[in-house]
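A quick write-up on the structure given underneath.
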Amino acid sequence: MAETTNAFEMAQRQFDHVAELLKLDPQVREILRWPLREFHFRIPVRMDDGTIKVFQGFRVQHNDARGPSKGGIRFHPAETIDTVRALATWMTWKCAVVDIPLGGGKGGVVVDPATLSTSEKERLARGWVQQMWKNIGPRQDVPAPDVGTTPQMMGWMMDEYSKLVGEYTPGVITGKPVGGGGSLGRTEATGFGVIYTVREAMKHLKMDPTQCLAAIQGFGNVAQYAAIGFTELLGGKVVCVSYWDREDRTPYTVSKADGIDPRFLMSITDQYGTIDKNKAREAGYAIEPADAWLSKEVDVLIPAALEGQINAESVHKISPRVKIIAEGANGPTTPEADEVIRQRGIFLIPDFLCNAGGVTVSYFESVQNDMNFYWPKEEVLSKLDQKMTAAFEAVLELAEKEKVYMRDAAYMVAINRVVKAMELRGWI
Ligand code: NAD
């Protein structure tokens, strides 16, 4: 079979495989293989030069049996409906695996936000809400930031929704700025969540984190806090990160054999995760080709950029030293590469478990919005750690009991919970 790089085909193949293991009823499979609802819309935006530009927007609600749909909005030039469908499907499994009472959704706009001015971004963010407001809401579907979108954009979107419905409604969207209805700890949540699961995997594999090296792909929100977490929470070393260089239109790996300083690199990185390579070079970092991160001799690989990055070809570059792959990104591994990883016995922490920290704190954010009472950061991060650790343990326990791969075990836990909710609601 040809290599699958279409994210939605990947999501469906992963689901089909586990549906088979679970001997799931064909009618139930038919419900879960496809999103329940999809919205395709055009967003006309007045540009600063007075012209009107029309952007393609999407929102997909995959399944809301367990609660309102939940999932980010991406602003990306290569966004497609299939990517949004895949990400919405993974959100259903993600919310179920960490056992938060939410379903799966995702949205997107085909745009490179770096080409827009601040006021154009604001008009596009508000335009997205003007198209979707009747079908989102704290009890319907709650968007959040993702690749290419920021807390500020969530603030504008919440404001637009509140104006349209006529009342302050912070719970319509999460990932808002702190002070504007956001939760402390949301910025760190996904990256730290990745590291909590890596810590638990290391305990299971009896690895000493202080003796471990990691290589990370990406240097955006997830990768930055995964790098800080790996060095500051676990005491390990990160030898490289990678990023997409917008100037040269190519990715690079930025490395330092004795360990990068994530906070220094963050100080020379823009809001889109692009590192200033000249400043990095001046500070003694090597600038290497795009996929150098993947072949580093490290104990832990953390893909935290985009989907489909570890594929049938690149998987063979992974060093024999690698013991753990922690999928910070959504769908970074194609099914073909996944099979190689499974056969090599590398311990995989699957995406929708590994990166569930973001949606978990998003959920905490909406709980705080409902109460209009906000928790200190320590409380948020300690509740996050408890949720991530419990989810990891439940998946590991099933993987050991059923002697299945971690990805399959995570799917089994999640699918069982969604099916149970559909049964309890009388859908099936
Ligand atoms: P981001 O936009 O903040 O950062 C993306 C990073 O990846 C940037 O540094 C960019 O330069 C880099 N990049 C892009 N293309 C690359 C390439 N070909 N090679 C190397 N680097 C490349 O995005 P993010 O929020 O950190 O999200 C990263 C991944 O994690 C995505 O798959 C996203 O869906 C997933 N995710 C994000 C969150 C969250 O809370 N932000 C939660 C769960 C999952």
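Numbers here mean position along the shown chain, with the first residue as 1.
In case you wondered, yes, glycine gets a Cβ from its N, Cα and C as well.
Note: TrEMBL annotation is automatic and uncurated.
Just so it is clear, the model here is predicted, and its values are computed rather than measured.
Going through K70, K383, K387 against TrEMBL, the one listed in the substrate site together with K94, S362 turns out to be K70. For K94 (substrate binding site), the number of other Cβ atoms no farther than 10 Å from its own Cβ, over all displayed protein chains, is 29.
A sphere of 10 angstroms centred on the C-beta of D146 (site 'Important for catalysis') encloses 20 other C-beta atoms. Other than the site residues K70, K94, S362, same-chain residues with C-beta atoms no more than 8 angstroms from the centre of those residues' C-beta atoms, the substrate site, are G71, M91, C95, I100, L102, G104, A144, A356, G358, V359, T360, Y363. Only D146, T190, N221 of the recorded positions listed as K70, K106, D146, T190, N221 bring a Cβ under 6 Å of any atom of ligand 1; the order follows the sequence. Site extent for substrate: the farthest pair of Cα atoms among K70, K94, S362 sits 13 Å apart. Among the binding-site residues K70, T190, N221, the ones whose Cα sits within 10 Å of the Cα of K106 (active site, proton donor) are K70.
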